[in-house]
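Asks: Residues annotated as compositional bias 'Basic residues' in Swiss-Prot: 176-186. According to Swiss-Prot, the phosphothreonine annotation covers Thr96, Thr155, Thr188, on the basis of sequence analysis. According to Swiss-Prot, the feature phosphoserine maps to Ser144, Ser165, an assignment based on sequence analysis. Sequence annotations record features per position, and here Swiss-Prot assigns region 'Interaction with host APOBEC3F' to 14-17, 74-79 based on sequence analysis. The annotation region 'Interaction with host APOBEC3G' is assigned in Swiss-Prot to 40-44 on the grounds of sequence analysis. Per Swiss-Prot, region 'Interaction with host APOBEC3F and APOBEC3G' is recorded for 54-72. Summarising the annotation, Swiss-Prot assigns region 'SOCS box-like' to 151-180 and lists sequence analysis as the type of evidence.
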Amino acid sequence: MENRWQVMIVWQVDRMRIRTWKSLVKHRMYVSGKARGWFYRHHYESPHPRISSEVHIPLGDARLVITTYWGLHTGERDWHLGQGVSIEWRKRRYSTQVDPELADQLIHLHYFDCFSDSAIRKALLGHIVSPRCEYQAGHNKVGSLQYLALAALITPKKVKPPLPSVTKLTEDRWNKPQKTKGHRGSHTMNGH
């Protein structure tokens, strides 16, 4: 019988970013209580030797599973030291992988109070609205003009420590294009 391969999307992430994200998740689960119902699985609880941890986030009758890996093949860069993250949405026997932005939106919808477009309608009807969004990572678009005007009236409260964002965990902070200084540009780039 042949080997059967399963391909998964795994974002390469440096280990310090993974450690920070894990500590933010644990803080939100055990200290602040914002992440009620979340489940953290340690590496020694998993039968797979490459799994560093799993965070199970219930979303109604489905759940989001964020798995961190270690001991993977290194990437093209020196700092890609075999650490990675995969994000999976599961409902009963069906599962699919999702990107970090969608994961943040799903978490945002289920767990955090938000001052969103619906707040405008609620305020006009006389209902009490939440004055600010607690989880800014869940927004990936610019709001309507009404929303921006109402949001500008309310000064956002800084949350310490920040909420654990999957997008922030998987962003590529190393390969961002560098800006050149001055009008002459970089000496190495223009051949001088």
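Just so you know, the numbers here start at 1 and follow the chain as drawn.
Yeah, the Cβs are placed from backbone N, Cα and C, and that goes for glycine too.
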Asks: When the region 'Interaction with host APOBEC3G' (40-44) is classified with DSSP, how many of its residues are helical, how many are strand and how many are coil?
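Replies: Going by DSSP assignments, the region 'Interaction with host APOBEC3G' (40-44) contains 2 helix, 3 strand, 0 coil.
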Asks: Could you put numbers on the helix, strand and coil content of the region 'Interaction with host APOBEC3F and APOBEC3G' (54-72), residue by residue per DSSP?
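Replies: For the region 'Interaction with host APOBEC3F and APOBEC3G' (54-72), the helix, strand and coil counts are 0 helix, 14 strand, 5 coil.
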Asks: Let's see if you can do this one: DSSP helix, strand and coil counts over the region 'Interaction with host APOBEC3F' (14-17), in that order.
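Replies: Helix/strand/coil tally for the region 'Interaction with host APOBEC3F' (14-17): 3 helix, 0 strand, 1 coil.
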Asks: Around Thr96 (phosphothreonine), how many other C-beta atoms are within 10 angstroms of its C-beta?
Replies: 8
